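Remarks on the structure that follows.
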Amino acid sequence: MYKTQGFIAVTAVLGYVLFQFAIRIGVHRTTVFPHFPGPCRSLPGIEYGSEDVETLPDGQAFISSGFKHNNKAAIFLFNFEQPDNPPIKLDIKGFPLGNLEPLGISIYVSDLGDIYLYVVNVKSPMNATIEKFQYDKAGLVHIKTLWDPNMGSINDIKVVGNDQFYYTNFNTFSTMIHDFWISNLWMKSVCFFNGKKSEVVVYGLRLANGINASPDGKHIILAEMGERSLNVYTRNSDNSLTKTDQLYIDCSPDNIDIDNTGDIWVGCFPSLTDLFPSPPSGAPVLKAQVLKFELQNGKLVNGKQILQDDRTTLKGSTIAVKYKEALLVGSHTNLAYCKLE
């Protein structure tokens, strides 16, 4: 009798774990119905993905490319004001491209107007670094490498001052499939680096992914991929974070952009099953979704679905960046430019 009861208990627990896992990877959202905010087209020259995009006030957009594409690392520049011109691959000086695999990026503009680009480098996946570059019209010049023992498998970064930033630790294991299985545990974190060292400011997250800050710097918005949610935190005077909101969005959020009005744009995967190789070719089958929210009093409100695609134009959606009446949508394979109508 006891063996039977034990078997039933183990089966029930295993069933619950599998059910939770299935919900978190979105097995219920394998079918999507495409719609677009206006005409969309894939931009030429981006052949190895566009993981993250950061935009200057004048419409120049930096694009990180080459994640998980062996030795194809690149940073591109696209000008929203000249959308007919293709993205330009920037020259990188002082850092060997063979040692770079860019993921999340963040811009810092000094009081003197100097432009710095901070790049998450995951060439060593479980021992990532932050590479600081200075930008001028000739390209990017490497300034320094930033590292701290808390920096494990970094996914994204948000710079809030000179060499001061929040970053997310995404993976616990060296392969993503292990992390999907272990996502029933809360093991990921957000850390703050003060220029010399970092400390954990949020712990107990399921797959901490994209991170950004409100225009006034008072709130931090986090994509918690394993919970299919967006989290909002109040930024305290000591740079610690206090959660004010968590919104379930029924898709797996990747990166977050916040436009000059404060609206929040999120690139999402309707289903994480799309990240696994699918027969017969073994190539990933990615679908795309873009959501928009407003932030009011530390709460996410007025959510709208802006775009959804079944791979017609986009192979997934890692980031969505709005500038005036246009939208850049990144993916693991290409980059799309859409008009907002």
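Note that the numbers count up from 1, one per residue, in the order the chain is shown.
Cβ coordinates are placed from backbone N, Cα and C, and glycine is handled just like the others.
Per TrEMBL, these features apply:
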- Glu51, Asp52, Ile105, Asn155, Asp156, Asn209, Asp254, Asn255: Ca(2+) binding site (BINDING)
- Cys40-Cys338: disulfide bond (DISULFID)
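A map of TrEMBL features onto the structure.
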| residue | record | Cβ contacts under 8 Å, 6 or more apart |
| --- | --- | --- |
| Cys40 | disulfide bond | Leu307, Thr313, Leu314, Val329, Ala336, Tyr337, Cys338, Lys339 |
| Glu51 | Ca(2+) binding site | Ser64, Ser65, Phe67, Pro102, Leu103, Gly104, Asn255, Thr318, Ile319, Gly330, His332 |
| Asp52 | Ca(2+) binding site | Ile63, Ser64, Pro102, Leu103, Gly104, Ile105, Asp156, Gly210, Asn255, Thr318, Ile319, Gly330 |
| Asn209 | Ca(2+) binding site | Asn155, Asp156, Thr168, Phe170, Leu222, Ala223, Glu224, Met225, Pro253, Asp254, Asn255 |
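Taking the mean position of the Cβ atoms of Glu51, Asp52, Ile105, Asn155, Asp156, Asn209, Asp254, Asn255 as the Ca(2+) site, the remaining residues of that chain whose Cβ falls within 8 Å of it are Leu103, Gly104, Val120, Gly210, Thr318, Ile319. Cβ neighbour density within 10 Å is lowest for Asn155 among the binding-site residues Asn155, Asn255. Residue density at Ile105 (Ca(2+) binding site): 24 other Cβ atoms are found within 10 A of its Cβ, drawing on all protein chains shown. Secondary structure at Asn209 (Ca(2+) binding site), as computed by DSSP, is strand. Of all the recorded positions listed (Asp156, Asp254, Cys338), Cys338 has the fewest other CB atoms within 10 A of its CB.
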